[in-house]
Amino acid sequence: MQTYLLSQQFNTGSLAEKSMACPENATICSGTSCLLPEDNFNETLSIILSTVLTIMLALVMFSMGCNVDIKKFWGHIKRPWGIFVGFLCQFGIMPLTAFLLSLAFNILPIQAVVVLIMGCCPGGTASNVIAYWVDGDMDLSISMTTCSTLLAMGMMPLCLFIYTKMWTDSNTIVLPYDSIGISLVALIIPVSFGIYVNHRWPSKAKIILKVGSIVGAILIVLIAVVGGILYKGSWIISPKLWIIGTIFPAAGYSLGFFLARVAGLSWHR
């Protein structure tokens, strides 16, 4: 979900020239850039969704924080082996997987850049909600999300600089630092309040956590439905991108799990 918010703020700028032709269903073709025309409806919808989702994400993260033990959380920060493994997955495996998929399917430059952005975005609320539902280590999950969002300030430009050279000049990519900063604030403050509630009123924290986990699951579905139905042009997508969109997360989960097991992390983590 954090990836969704960041992607709404992204601007690729001009892309490098290639000889590949645009697909027939593209509404605007200029060189290799195949886009929908600018639409005030989509822009307005993005602003509304971003505002609503930021507030809802903050509430969900508050509930997730109600499951965090401050001592365990601080223990992960002081002994960050699990966080380091997550860092390798987030900014090592995911961008590389995005790059290889873009090459394998020979997609257009602008499509390749977007896929790479998705691979470079930091972890978000959805990962914490999923970690809760599968009985994972919530202290580690939230500490990883916090660190990856903070490190994204430097790692996103670095990864995009490395992987986008063959498609575009990395200087033309405008990164949404303001959106990343908002995501960081919307993460740290609610989680801190949640940790405090869990420390002072543990019984109430459990109730808040259950409600928040349900709301979080609904929010994930809501984003998918709203994004797919309301956004104009959502279904005018190349079949290659549908395939990449299916393979990408599955590959990320599988490779991340494999790396975590090789690194000696427990099933819980």
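Cβ coordinates come from backbone N, Cα and C, glycine included.
Listed in TrEMBL:
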- 45-68: transmembrane segment (TRANSMEM)
- 80-104: transmembrane segment (TRANSMEM)
- 110-134: transmembrane segment (TRANSMEM)
- 141-163: transmembrane segment (TRANSMEM)
- 175-196: transmembrane segment (TRANSMEM)
- 208-230: transmembrane segment (TRANSMEM)
- 242-263: transmembrane segment (TRANSMEM)
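Highlighted: of the candidate stretches 45-68, 80-104, 141-163, 175-196, 80-104 has the greatest count of Cβ pairs under 8 Å to the transmembrane segment (242-263). Of the recorded ranges 45-68, 80-104, 175-196, 208-230, the transmembrane segment (141-163) has the largest number of C-beta contacts under 8 angstroms with 80-104.
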